[in-house]
Every structure is written in structure tokens, then in C-alpha cells.
């Protein structure tokens, strides 16, 4: 079983991409996932809306309830959705709820790690607490056996921690710590996702990603002479779509457009659909 600190260090390096075999495509692009794998057809069933509103796992729990129990539980959820407590659920409130329900696995992940780092149990995690738990036993060893450069990773983590820490007190609330561990989920953290991605890929450190760096990040020749078809396609994608200004390399904005595309907002569309169908007096 991987040690927690080792896991977090790997997470620090791998947040922006998924590791894969040399001949398989490594995907750094962050797409908004579908709200459900069910067919969205109200004429057949409301299973899609059920999953979208509750999250797939919670929806399974509701399937075991009686209609009375389900209605009572839904009433309690509506109270949570109605953030301003005016007695009405707006499209905006519903959109926020759906996003939260769909990201439950992220909040569960943070909850599971929280007590490891909140050493003084004050409901907050300081940078010192995170650093001591994650790096404390390694910083005295300038040449660790596993080859990790812990000091370099700590500098990178500290930069991300400061970015997540909105009020600049170097103490993270649970929401700020969530932004630190999962920066791709927060708009104000997207620049750090782009920066870390570019640092990973930009091997000559010129501040740009050229074609060979782009391909080299996804694919290792590993002695193979012939590239898979998908590699050839990615070369074409780089020239045609990634390098928008045709200067032979990607800058920060072009990299951001690549890894953080403006996808169709499934939560917004579902919130609009639910309000339209439920708002009887229009």
C-alpha cells in the first residue's frame, strides 16, 4: 500500500494528467463529465434527472426508499439548495447543487485526508501542518533513494497552497484545501494548473511548448520506429488547432485552451431543464 505522503507527492506531480503506458495516449485535458450514463429522455424515464440531481451513488440509495421517505429526504435537500432561504429554488442555486452532487467524490477525498493534516484539530490546515506531514521526514535527506526531488516539489506545493489560500494567511479552510488538492475544479486556480502543466512539458524551459515537447509528453518512442496513428493525429492537431497563432509553439493562453476547454455546461443545462419542467405557474 502506498504511503500517504508518497501518494500526495505523486498527486502533486500528476494532478494535470493521467499516467499511461508508452504506447497509449496520456490525456491532460479536463473535460466536464456527463451527469449520468442514462439516456436523457423524460418520455421513457427520469433516471437521468435522478442521477444528475443526486449523483449516481446517492441516487442508488434513494432507490431503496419508500415514496414517503424519498419525499422527506428530498425536502431536506431542497432546504440545502435554497441558499438565500427565500423559499424558492432558482436556476443558479440548482446549478450549484448539481455541480456539488456530481463532485461528491472530491469532497469525500478531502474529508478522508483532512484529519491527517489538521494536526492541532482546529478545523483548519496551515501550510506548516501540510509541509510537516508531507515532507517532514524527507527534507533532511538531500539524496533520497526513491529519486524524488522533495524540495522542488515542496516549493511547487507551497506556490499552489498560496494560490488556493484566498485571504493569504497561509491557513486553509476546507474549501481552500479542496482547491489546493483539486485545482482544476476551481476557476481561480486554473492559472496554476496551466503553469504546472507547462512546467511538466516544457523541457527546455523557454516558457513555451513546442511540437516535440507536446508529443514527447504523450508518447515515448521506447525504441519503436513507427508511431501509432493517434500520435500522427496529435501532430496534426497541434499544427491545426493547438498552435493558434502558427508560431510553432503553444503559449500560456493556447495551453489553457487545450487543457481547460470551454465545454458544454451540463449542470447549467440540467438546471434549466428541471426548472422549466417543474415551474408550473411559469
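Glycine is no exception: its Cβ is also placed from the backbone N, Cα and C atoms.
What TrEMBL says about a protein is an automatic prediction, not a curated fact.
Features reported for this protein in TrEMBL:
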type	residues	note
DOMAIN	69-104	domain 'EF-hand'
DOMAIN	105-140	domain 'EF-hand'
DOMAIN	152-187	domain 'EF-hand'
DOMAIN	189-224	domain 'EF-hand'
SIGNAL	1-20	signal peptide
By DSSP, how many residues in the domain 'EF-hand' (189-224) are helix, how many strand, and how many coil?
21 helix, 2 strand, 13 coil
By DSSP, how many residues in the domain 'EF-hand' (69-104) are helix, how many strand, and how many coil?
26 helix, 0 strand, 10 coil
From the DSSP assignment alone, can you count helix, strand and coil residues within the domain 'EF-hand' (152-187)?
25 helix, 2 strand, 9 coil
Tally of DSSP helical, extended and coil residues in the domain 'EF-hand' (105-140):
22 helix, 2 strand, 12 coil
